[in-house]
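Annotated features, as they stand in Swiss-Prot:
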type: BINDING; residues: ASP488, ASP494, GLU497, GLU498; note: Mg(2+) binding site
type: DOMAIN; residues: 39-150; note: domain 'tRNA-binding'
type: DOMAIN; residues: 435-510; note: domain 'B5'
type: DOMAIN; residues: 727-818; note: domain 'FDX-ACB'
Amino acid sequence: MKLPYSWLKELIPDLPPVADLEPTFAHLGLPLEGVEDVPAPVGGVLLVAVKAAEPMEGTQLTKLTLDTGENGEKTIASGAPNAVGLPAGTMVALVTPGTTLGGITYGVRPMQGVESWGMAASAKELGIGESNAGILTFPAGTAAPGTPLRELWPADSVLDVEVTPNRADVLSALGLARDLAAYLNLELKEPQIPAAPTQPGEIRVSLPDRGRVLDRDPQGKLRFGCDHFAARAVSGLQNGPAPLWMQRRVSLAGMRSIDLIVDTSNYVMLELGQPTALYDRRDVAGDGLVVAFGLREGETVKDLLGNTHQVGPEDLLILDAGMSDEPVMTVAEAFASAGQPKEGSHVLGIAGIMGGDHGHVRADTRDVVIESAHFDPVLLRRTSTRLGLKTDAVYRYERGVDPLLAPKAAVRVAELLRAAGGTPEAGQTVVGTPEVPQTITTTGEQIRALLGMHIGTAEMRESLTRLGCTVTGDGDSLTVTPPSWRVDMVIWQDLAEEVARLHGFTELPETLPTLRVHESNIGASAQSEARAELRRTLAGLGFQEVVTYTFTSDEEAQKARAEAPGVRLRNPMTTDRTGMRTALYPSLLRAAGAHPKGERALLFEIGRIFPAAGEQERLGLLMRGDLAARTYQDGVRGDFSVFKGLVQGFAGAVGASFALEQLRGDDVPAALHPGVAGAVVWNGERVGWLGALHPEIAQEFGLKGDTFLMEAALPLPGRDWAFRDPSRAPAAWRDLAVIAPQGVSYGDIVGVLKGAGGELLESVEPFDVFTGEQVGAGNRSVAVRLTYRGAKTLTDEEVDPVFNAQIDAVKARGWAIREK
């Protein structure tokens, strides 16, 4: 946020110089992003009065006859669009002959038959603003003709303050001055604003019911549509340039000066932090304003810039009351009561965001209706984000505007317009019941314990009072009611932060915190530690962790043959991030594709997916390329057996059992090669799948060579551990060769042998695979070593029954035992 130092100095007369303020802002938690020194206009720029503005026939120029004071009457030719029809008396900034500006020295020169004496300049040309849409103009009587502009527009310093999202109260000159005055313990001189009239005005206002349930708000985060609204009419205005002092402040704050009415609205927002809107009263039918939840789905509203927006039942709009004398809930109801008027003709604006094409002020506006309101910040944020409308007003609303400020801001606008020649009506309509700050109860000891600072309770009371809080309580107790503008002060920890801020964060002692473990956090800590263990183990095996977006698109899901996104984003950041992913492996494929070609990739990710069944946490692994660098000899090529071995090593490292069950037919995930796919069995439970990436998908993602994937649900099932003394007895072995069809997986064979092996069977290890005429066409022989161990040395009489039971189990499956 940008503000001129002179504005803050007016509010805090004893404010230190700019050079001394940088540490102060840092201590307040509002660091300065920069300080820009803005020089005064050069000495040869004078304020002069327009006597006549005449179009020059056959040209795009306007002849201006000027009263320059001591230099008498002069003429210039101007091509500025706003020079046409300038009223007599209007003052402009004239660059006089002999003055150098922007490297150009101006003089007297003939232009289309007119002797042009210098140039009427824009704010940008003078270096005092960003607008170059036309010449800089001021109201008649701003100064005596011939007055140097620098006398009324002195040099200044513009402070660029970094404001955190929770500190909406400092998004104004008054709010920032309050904080500075409280910290520096200096006197604050607030703007003199009369009390709001107690009698209602001529403008009627209708608000929507509170507590309305919206389809897209099942958790009730939206508290209200509009809970406070002030409206007042001002008549007899002569719209034109704003006063010089107002233009100066608006320009230095980074906004473009438009005209008296618009600048006044912007000025009050910059001064008090309350956005306002002003409508041409000619367009406010029925002298009433209706705040209503949006049009029927799919209807459109045109904003004051001419852009069309599609709005729906959950967007808050401002309408005139010409359609009905009764309060309405929705615009659709209002349309129905009016017999379907022309689309958009009665919509005055999108509440709190931007005015509409109908009702905005124009050059010939004489009478206005002031709107000053408090809207639901969540509702406005959603609407502005969806419509892509980010304005200075919604920037403040979505962070939290003072809910009680609306009537005061309306009075301020009315009084500034009165000073410019307007006549505010005697009354002011105020409707709604805004939320008031809730009382917070704490103790000095509680705050001291949190901060670790020895601050007396009396000092805490004094600090909070300086911030505008109402503080009561005896002894060590503190009962605090925050000011209405501090919507961020809700719990006692917020009070502790404010005490520390005013006392000085630099005074915080360097002490180790006292950590308290609550029983409700034990489960969460265990889950976090389990994830950390997974990460450490996988990193030890050579995998690198990647963290990718949970967003994806239909196109990417289709490329990866994954389920299309079911959860859609209303306002996607980009076209390739339109929904929530339903699988983890497409993200890993994208990350692998970003690796330099030819390099190996051992990647893992622990992340969330959002399929139709609901949100899940997953572990994904990917391997491609060589496992060892290729130099003068071949490297270690990453194949399926290597990848499976890495997963087995991972399981062993975390004390889990791992098995792979072959998948066939429709059970094979679409991402995998039909012949190299298996189900991951972890501690006896199926948790996911593992296999080779389908070649067509690899081609889609630009991955050459073999790529292997695993995806499993988290948390991985644990084992029920029971301690057993290691046996001191030796093991007994038997070798067995099983002849089975080649379609039978090794995992199936092991499962049969383990199922019949009982407690004596310790392990099953393969040592030979054979195919040939001896075992029959379409078959293969898998030879395994069976290891048995008991509490004592096993005899043949104890081992043979178990071994024979395993042989019987094999034969029962229709398989054979190879004798030779």
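For all residues, glycine too, the Cβ spot is worked out from N, Cα and C.
Features recorded in Swiss-Prot, as mapped to the structure shown.
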| residue | record | contacts (Cβ under 8 Å, 6+ apart) |
| --- | --- | --- |
| ASP488 | Mg(2+) binding site | ASN166, ARG167, ALA168, ASP169, GLY400, ASP494 |
| GLU497 | Mg(2+) binding site | none |
| GLU498 | Mg(2+) binding site | SER463, LEU464, LEU467, MET489 |
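The Cβ centroid of ASP488, ASP494, GLU497, GLU498 marks the Mg(2+) site; residues of that chain outside this set whose Cβ lies within 8 Å of it are ARG486, MET489, GLN493, LEU495, ALA496, ARG501, given in sequence order. Of all the Cβ atoms in the protein chains shown, 17 others lie within 10 Å of the Cβ of ASP494 (Mg(2+) binding site). Regional average pLDDT for the domain 'B5' (435-510) in the model is 92. For the domain 'B5' (435-510), the DSSP-based tally of helix, strand and coil residues reads 33 helix, 12 strand, 31 coil.
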